């Protein structure tokens with residue numbers, strides 16, 4: 001049973017590495033606008049714009065666009081925005097004067113080959129009240145002015161829409177439907193309460209998992225001391241074996257995790273489809289069932305100790321406790337119900353429960369034996385996150401991590417390997433999210449610090465766990481600040497978490513003189529009860 005559990009959890013661990021980045025799932029805004037500085041007539045701030053639709057006087061879908069750096073600004077409240085008729089441009093790209101006569105309508109145009117300001121000037125001259133420019137990709141492109149442009153006194157709003165939104169509007173117009181749109185740009189709160197709860201959820205998950213891991217390690221150490229005290233010489237000469245059901249990562253496997261995750265990420269990017277996302281959902285459910293079952297059995301065994309210690313042999317699974325058999329149907333049913341109804345508005349609750357249980361279980365089974373392995377693992381994940389979020393744009397023309405996390409070409413709203421909470425006071429709605437890897441990978445080294453503190457009998461303040469937790473919490477907080485400052489850009493959380501966490505531990509260990517022990521052994525040296533030391537030797541120890 002333990003080998004099957006370890007195999008499943010290790011597979012899930014590799015998959016969580018795919019999605020370390022905390023990224024915006026819809027309407028990412030892309031453009032290196034630092035090469036197009038502001039100037040008179042082209043100095044608007046980039047804002048998200050709501051495009052509310054009425055189709056044949058019936059309320060339709062609401063789309064999200066981004067306002068241009070040029071043109072007039074839009075109302076910030078819905079009640080101050082007017083409904084205007086929407087028409088298609090002829091020619092579609094509006095690079096030349098449209099053939100249809102306009103009297104205050106909003107014109108829908110394709111991106112085409114001419115500049116954005118050229119389209120806006122032509123639309124304004126033709127009598128349009130606003131222009132909606134449809135991008136040829138799902139992303140929202142920041143519309144800026146060219147360096148040599150001078151005709152920038154544009155007096156109508158210009159908004160970029162993603163390709164899918166433009167296609168829906170164009171299909172409605174081609175179907176002879178009457179379409180009206182309302183454009184407004186409500187202000188987003190600087191901090192939403194959902195981000196506070198998500199921060200508490202991430203920190204709390206690592207806190208609980210670390211204490212569980214340290215409690216198990218201390219119990220195993222006490223048991224080992226008892227065995228050593230009464231052990232024979234033959235037992236002492238046996239090779240050391242690790243605790244049952246626990247896997248210690250080494251430096252080779254730490255590097256391989258990242259390499260394998262990169263290969264899977266590229267494969268998903270190239271072959272992303274509905275079937276691939278469904279496969280991820282199945283894997284997530286398997287891991288979630290195992291995690292939820294492990295957590296429930298550990299909790300319930302306090303009250304049902306006899307059921308937890310009596311076993312029955314089950315084909316393929318081996319010896320399984322009666323308590324595990326009792327809770328397994330509930331865990332399986334919970335995961336299946338979530339998978340079936342995962343698109344409903346409250347499905348995030350089930351996803352978070354399964355996700356937290358999975359993370360806690362992984363942190364019990366997979367352990368970092370010393371600071372050296374933890375440093376290699378987090379450093380590789382740090383480079384992995386940066387490369388696939390930022391550097392991959394140079395090789396693939398878009399951020400591979402964000403495209404895969406968003407679930408492009410899959411028909412699904414992103415992937416399940418993340419925790420999320422709906423933004424409660426944000427007029428734009430959506431979710432605040434964090435990838436499993438942003439909790440699990442730092443959690444491995446934080447759990448290691450608490451195990452070390454307990455085994456070496458250090459107080460909370462004199463140990464390393466408290467400072468590691470504070471560094472992680474601060475790094476995650478900085479991630480949210482960066483995300484809000486860079487509105488619309490996916491942010492790799494490990495970019496901020498790893499330097500804070502690793503930097504704090506390495507600096508503190510060096511200052512206290514514990515770096516050699518933490519880096520190598522990873523645990524305090526214990527005296528074997530069979531070794532009788534001379535008084536001088538005891539003093540040196």
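Placed from the backbone N, Cα and C atoms, the Cβ positions cover glycine too.
All annotation found in TrEMBL is predicted automatically rather than curated by experts.
TrEMBL has this to say about the protein:
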- 86-168: domain 'PA' (DOMAIN)
- 1-26: signal peptide (SIGNAL)
- 196-214: transmembrane segment (TRANSMEM)
- 254-273: transmembrane segment (TRANSMEM)
- 279-304: transmembrane segment (TRANSMEM)
- 316-340: transmembrane segment (TRANSMEM)
- 346-366: transmembrane segment (TRANSMEM)
- 373-391: transmembrane segment (TRANSMEM)
- 428-450: transmembrane segment (TRANSMEM)
- 462-483: transmembrane segment (TRANSMEM)
- 489-509: transmembrane segment (TRANSMEM)
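Pairs of Cβ atoms less than 8 Å apart link the transmembrane segment (254-273) most often to 373-391, out of 196-214, 279-304, 316-340, 346-366, 373-391.
Stretch with the largest number of CB pairs closer than 8 A to the transmembrane segment (346-366), among 196-214, 279-304, 316-340, 373-391, 428-450: 279-304. Counting Cβ pairs under 8 Å that are 6 or more residues apart, the transmembrane segment (428-450) and the transmembrane segment (489-509) reach 3 or more and are in contact. The recorded stretches the transmembrane segment (462-483) and the transmembrane segment (196-214) share 3+ CB pairs below 8 A when only pairs 6 or more apart in sequence are counted, and are therefore in contact.
Per-residue confidence over the domain 'PA' (86-168) averages 89 (mean pLDDT, predicted model). Per-class residue totals from DSSP over the domain 'PA' (86-168), listed helix then strand then coil: 17 helix, 19 strand, 47 coil.
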